[in-house]
């Protein structure tokens, strides 16, 4: 008893210290994530990020929203640097199911949450909203999540009113001068088109991320479609297309009505969807005005 | 007609059969356009064309012509390679042309994209030429002797491949287009590629025609050829140069097309083409027709798949079973690469092993204690002891797998007496990699245990295939290696196909394939270390067999060695060692190829010394590679397997050039 009494002051201060540190970490919890789609959503929700995988590549391919400078690069998405991650000690690590084989390792550092998007045979638009809500819960930003969803819906409705009737769109991204990805069902672009009430010309099967890989000759089967090319064009492709007999024969190309969109992350969530919807509708309007 | 006469017509019959098949496939691929309409569409002047007709004119015909031309080119290059290198395993890509072209394209895309404005073909050609130049330079002093050229080509392939893999790992988004090129797509949308290729191939074929007579001398052994007044070096340079030029031209336009260059010459020979002239002609015909039939058949697959099936990957995949079947029929009596590198004089073995051990210990200490964090470099002390929990499993796994692969490689090179032999070539790694890729793609969120199970299963199935196809022949080394080559070709095809599709899960496949200790668990690391220790003990038990087997089958039997029994036991052991290592560090580390050679170059000649020296070298390479890989581009990690290929490969080339 005496010993306990003797230790009481020390125990008490220890308890105070623990409480203080708990409070301070509760004041600014930090999150880490390996998945760019989760990154853009977390930034949109204004959740502080301490570690993100492949920041430079994110800025090259997703671009916006920008990752705050305070976040530290964790290395490759498939092999985040564990020593560094342990040093950062985030409150939770968010991954997509694609990286779930890392869970045993990552969970030694912090709780791991796996959040799915782009699963086969599910409605992408619904999935994106569900993902936003779930992330909101995990980072205590339910309100921001709801307002991100509401803001997206409002934007879509505004844009929908501006869309005038158009031919079905054939959305492609060049891989090299002979091959393109065509975006269809299961994908971000397709989901946005559906919301905007625009038809997608590509009805052939797509993978879980919503695209098919085809040779350029595959586009000839859709002479009536409006071609939409999503940048970036690989170097040299423009020159080879000028010499490509087949490309020059495509009605959209012959009539010089190909629409070009700036680079956009094609596997993103609501922030990418907003950007795509905005740029697409402006491009369609610009063409309509010509 | 006598049987002898029948035999004489066999190559013709085979060619005609294949031509009929290709024609049939072409007619059905054209539907609904009729053949006569299509023929009238070869030359059209009026535009615009109806979409279906535009596809026939701008896509179908150039594609068919491209397939025939590229196939013929690869067939020709294959014969030349096999003739000069005296090795039926040689193929147009043996000398690193394709991987050099690939690396050139990747580097240009990432660092000097302006170059690509001049045309992708030129960049690819330059990359291929640089790789070839490197090979020639390495083998120049040994008069381009086949064994040395083959080794130099192998190491060039793996070097360029490893560098390419590093670039790919860090820039997957930027390089996704090149993955399609790497899988070999014949898809065309105009005539310009064909206009680039045909004059160059014509030039190559003419050069080959001029070389035909002198090249026949290479069927003889070196001494007889020399006594007939041939300059072996000039002859080899000419033959290989033409083959490489043709390969580089083809590859630069349509990408990497596997198997045709290996299969067409072997098919021609099997069908009965004996003289070099005949073999060249039939290899070109068969190569063109094989590629065209495959490509036409692929075009029949309706748009059921969300991705195209690249023809190069498909030829390799279809070719693998064909090659397996061929192997059982091929009489492998051709003079074979049997001498490895001339041995280094062994003088200070004791001191050398002490130095090796010291270096290994040093690399272990550094790997455990020295590292980086966000604020910079630091030595792990008591206050940062936690960090060791991440380091020791990786270190142990690296050392263990290095030992395992080195042992497997040493065993294999001694059993087969072929310096090209390595666990990777045997196909065990490839088999388990195919199973792993399957698991990653088929399961929605695979757990580590599932991946481990799939990998083990793949390795076992591969071993089964190896035994099944080689039991009757008593595990003849060259047959065994060909079986392995077939399985490895299948793996390359699966990998190329998977990556070309652009599915984001490709990242995961890449990360695992590149051979990283990242995914090691503590239990796995301990397991691998125990297996490595057991492996050393087990292989030492076989050291008497291993001393005799390199002398060749007949000599071994004469001494009283139970040949089939010995080969089967050793093969099983190799499979077991390789599978354990592959599950930890992936299939592409090449330590199994390099470590035995390095040990030999260092003077570890006799079976026992070779095994132990190899194991030490393997452990040293892998532990230092693992550490370098983690620090070099911190926080990004370069997989140990790739770094091992780069470090080991550099040393290997340096030694090779000095032979």
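Note: Cβ is positioned from N, Cα and C throughout, glycine not excepted.
Nobody curates TrEMBL annotations by hand; they come from automatic prediction.
Among the ranges B:568-595, B:596-623, the one that TrEMBL lists as transmembrane segment is B:568-595. In this chain, the transmembrane segment (B:122-140) touches the transmembrane segment (B:240-268); three or more CB pairs sit within less than 8 A of each other, excluding pairs fewer than 6 residues apart. The stretch in closest packing with the transmembrane segment (B:522-547), judged by the count of Cβ pairs under 8 Å and taken from B:313-332, B:392-412, B:424-443, is B:392-412. Through the fold, the transmembrane segment (B:392-412) approaches residues 360, 364, 367-368, 421-423, 425-426, 517-518, 520-522, 524-526, 528-529, 531-532, 535-536, 539, 542, 546, 570, 573-574, 577-578, 580-581, 584-585, 589, 591-596, 599, 610-611, 614-615, 617-623, 625-626, 630, 640, 644 of its own chain, all at least 6 residues removed from its boundaries and within a Cβ separation under 8 Å. Under 8 Å from some Cβ of the transmembrane segment (B:65-85) lie the Cβ atoms of residues 91-92, 94-95, 146, 149-150, 186, 188, 193-194, 197-198, 201, 204-205, 208, 211, 215, 218-219, 235-236, 239-240, 242-244, 246-247, 249-250, 253-254, 257, 260-262, 264-265, 268, 276, 279-280, 283-292, 294-296, 311, 337, all in the same chain and six or more residues away from its ends. For the transmembrane segment (B:568-595), the partner stretch with the highest count of Cβ pairs under 8 angstroms, out of B:122-140, B:146-170, B:424-443, B:481-502, is B:424-443. Note: the stretches the transmembrane segment (B:424-443) and the transmembrane segment (B:481-502) are in contact (3+ CB pairs below 8 A, sequence gap of 6 or more). Through the fold, the transmembrane segment (B:146-170) approaches residues 84-87, 90, 93-96, 99-100, 102-103, 106-107, 110, 131, 134-135, 138-139, 179, 236, 240, 337, 339-341, 419-420, 510-511, 513-514, 588, 590, 593-594, 597, 633, 636, 638-639, 642, 645-646, 649-650, 652-653, 656, 659 of its own chain, all at least 6 residues removed from its boundaries and within a Cβ separation under 8 Å.
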